[in-house]
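Asks: Just lifted these from TrEMBL, have a look:
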BINDING   31, 35, 90  heme c binding site
DOMAIN    16-112  domain 'Cytochrome c'
SIGNAL    1-21  signal peptide
């Protein structure tokens with residue numbers, strides 16, 4: 001029983017550390033200038049993005065693609081009309097590599 005408790009505690013620490021590292025990556029890449037985990041800013045909050053794409057087959061790839069390439073204005077109008085964003089588009093992020101975008105997308109999808 002004690003071993004199980006210690007194992008669960010270590011797993012929790014590792015998961016927490018990974019989540020913090022991914023949030024740090026979002027900060028380092030400038031994502032947090034427009035997005036937050038749970039508060040509306042310029043772009044939609046990450047929890048809303050996770051909710052929108054939850055259960056979709058290509059969710060991770062779609063989000064990662066949006067992170068790198070951005071979206072044209074008509075694509076983001078739905079976020080804006082719903083009150084989840086103040087801009088109707090997301091600019092491309094040339095400074096984010098595809099593997100970093102995939103890591104960020106995976107992290108975003110874990111947010112509840």
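Cβ coordinates come from backbone N, Cα and C, glycine included.
TrEMBL does not curate its annotations; it predicts them automatically.
Please go over these features one by one and say how buried each is and what sits next to it.
Replies: Reduced to three states, the DSSP call for residue 35 (heme c binding site) is coil. Within 10 Å of the C-beta of residue 35 (heme c binding site) there are 21 other C-beta atoms, taking all protein chains into account.
Mean pLDDT across the domain 'Cytochrome c' (16-112) comes to 90 in this model.
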Asks: For the domain 'Cytochrome c' (16-112), what does DSSP give as the number of helix, strand and coil residues?
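Replies: With helix first, then strand, then coil, the domain 'Cytochrome c' (16-112) has 57 helix, 2 strand, 38 coil.
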Asks: Applying a 10 Å Cβ distance cut-off over all chains shown, what neighbour count does residue 31 (heme c binding site) have?
Replies: 20
